[in-house]
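Per TrEMBL, these features apply:
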- A:47-81: repeat 'PPR' (REPEAT)
- A:82-116: repeat 'PPR' (REPEAT)
- A:117-151: repeat 'PPR' (REPEAT)
- A:152-186: repeat 'PPR' (REPEAT)
- A:187-221: repeat 'PPR' (REPEAT)
- A:222-256: repeat 'PPR' (REPEAT)
- A:292-326: repeat 'PPR' (REPEAT)
- A:327-361: repeat 'PPR' (REPEAT)
- A:362-396: repeat 'PPR' (REPEAT)
- A:397-431: repeat 'PPR' (REPEAT)
- A:432-466: repeat 'PPR' (REPEAT)
- A:467-501: repeat 'PPR' (REPEAT)
Amino acid sequence: MKRLKKKPNLLTCNTLINGLIKFPSLHSIQLGKQVFYDSIKLGVIPQTTTFNIMILGCCLEGKFNEAISFIGKMKEFGCFPDNVSYNTILGFFCKKRRLKEAGDLLQDMKEKGLIPNRNTFNIVVSGYCKVGWLKEARKVIDMMVKNDVLPDVWTYNMLINGLCGEERIEEAVKLRDEMENLNVLPDVVTYNTLINGYFKCGGSSEGFRLVEEMRDKGVKMNAVTNNILVKWYCKEGKMDEASEKVRVMEESGILPDKVTYNTLINGYCKAGKLGEAFEMMEMMERKGFKMDTITLNTILHTLCKERKLKEASELLTSASNRGYLLDEVSYGTLLAGYLKDGTADKALKLWSEMKKKEIVPSIITYNTIIGGLCELGETEQAICKYNELLRSGLVPDSTTYNTIIHVYCKEGKVEKAFELHNKMVEKSLKPDVFACNILLSGLCSEGMLEKALKLFNTWISEGKIIDIVTHNTMISGLCKEGKLEDAFHLVSEMKERNLNPDHYTYSAILGALTSVGRTNEAEEFMSKMVEVENFQQPSLQIKEQNVKTSEMTEVYDSDSNACSEQIIELCNQGRYKDAMRIFEASNNKGITLNKSAYIVLMEGLIKRRKRLSKAVP
DNA sequence: TTAGGGTTAG
């Protein structure tokens, strides 16, 4: 049509653009945009729907500014943005937890005279739930009722998911009952959310009970249910059961999808079974699922875990040249690898590289860099990134707060630490036992024992969880101030709470006793300490044994070594097909290769995709 | 032909 200079019909254009944008292939979104501009040149007048499809495309690419600019462009063509235009962008902002930008957009929407509909409300509820602001989510639901927009099964499902995210599974189940009473029937998503929630909180038997329940109630399981179960088996290290589950599901007509394969690949990598992970990557492609960003990120993580940072960095570059989409997780993964390796300079360089590519870090990546820099003693740099995070409009989570509170305490800025703690509470984030321990240790090391005791007692009276570290922190604080009797008292309280004193407890007390010359008691404690150490000995031995066995698996026979070396050499020469032949032959002989060989095979599989020409459309 | 929930990577 373009060649014949014929003007296409608007519906044809919309359908074509929509198809391209939703078709998950490389550059198809850019192609969709090309069709949009070509159509205009051919005289087609786009309508709101056309713009909305373009907006979706921009959002899928993560180009939010461009998406917003389309809202402005509509006027030139005599049309106006509608709820769909705004809800699309709003949804993506919420998905990415960029609440500040979402709020600004909502304001703009209202100024344009558009009235939020049920979708708009539901998107806002999902945004609040994603960052754990459940009180705010509830407020939105109240507002919905006031505006005569009744919450539906989507609204409830999101709130249930929010509760599960906070590990408040009992309340989530209660909400499910509540919705049933209001005649909003739970669907497969409700069940999937709750099953996943139970698995997350360690309630696997309740999770499986819900699987039965949904069957009894006639709610059909789907691929997502399957994937949640497979994930659980993987997490438990039950890889045989995980793959058996996939086989059984397949027989019952629920076909594995991309998520299933990625879950299994990750499971095998985590279990150190790299050969099986590689086979699963091959299987995925054979079944017609292209490996994607998540597969790539899984392999990147495995490389980093194996401390093969050079390989990871090379894979990041070459995968990008081969058209894999890199995202902030890809960068965040390598970033974590560098930080763990102690190379802050490389991590910071990668951070700026990511920013230059306009890839926006999520809260997890911010937490990685902030925590990593703190660990390496680069406090100033860490605070700098924290400030950058606050400016970005992302919402800090409890990991962020705990990290910064820890830094403040370490620097003796206890007041600042408490300010942050209060802010955390304000944001309806519940300070956990980590936050408590950090604050207590900050107070004790600044000699503010009274305040520490007050916090400790408040914490207990509120029924919050405390652990051995909490007790040890207080005990050593008391010992440092010479309050030995109080320390003894706390040791017995600790035992009453079924927490066994460990060698930190005893050495704190021992130190205090010797420094005031109570040598007899000190000796008595010493023997107790030895008992504890002896008691710990067997578990230490088991650990050592484990280390040995895992090392043992690294010892391969000469056949294995020869094959592995040959494969690595062939891959290095770019002779992937020959390497595969050796792999298949050794597989048939039942030879297990060493990890490095599997890793080069995995890299090879990713790199097999043709290198893109430099002129990208 | 356009917008909202649950599953995979750190």
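Each residue, glycine too, has its Cβ placed from N, Cα and C.
Unlike curated records, TrEMBL annotations are generated automatically.
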Criterion met for the repeat 'PPR' (A:362-396) and the repeat 'PPR' (A:47-81) (at least three Cβ pairs under 8 Å): no
For the repeat 'PPR' (A:187-221), find every same-chain residue at least 6 residues outside the stretch whose CB is under 8 Å from a CB in it, and list them. 153, 156-157, 160-161, 163-164, 167, 169, 172-173, 176, 179, 228-229, 231-232, 235, 254
Assess whether the repeat 'PPR' (A:117-151) lies in contact with the repeat 'PPR' (A:397-431), where contact requires at least three Cβ pairs under 8 Å among residues 6 or more apart in sequence. yes
Long-range CB partners for the repeat 'PPR' (A:327-361) (under 8 A, at least six residues beyond its ends), listed in sequence order, are 62, 96, 98, 293, 296-297, 300-301, 303-304, 307, 309, 312-313, 316, 368-369, 371-373, 375-376, 378, 381, 392
By Cβ distance under 8 Å, which residues at least 6 away from the ends of the repeat 'PPR' (A:432-466) in the same chain are close to it? 398, 401-402, 405-406, 408-410, 412, 414, 417-418, 421, 424, 473-474, 476-478, 480-481, 483, 497
Within the same chain, where does the repeat 'PPR' (A:82-116) have neighbours whose Cβ lies under 8 angstroms from its own Cβ atoms, ignoring anything closer than 6 residues to its ends? I mean 6 or more beyond. 48, 51-52, 55-56, 59, 64, 67-68, 70-71, 74, 123-124, 126-128, 130-131, 360, 362-363, 392-395
Run through the repeat 'PPR' (A:82-116) and tell me, per DSSP, how many residues are helix, strand and coil. 26 helix, 0 strand, 9 coil
Quickly jot the same-chain residues contacting the repeat 'PPR' (A:222-256) by Cβ under 8 Å, restricted to those at least six beyond its ends, or write none. 188-189, 191-192, 195-196, 199, 204, 207, 211, 214, 263-264, 266-268, 270-271, 273, 276, 287
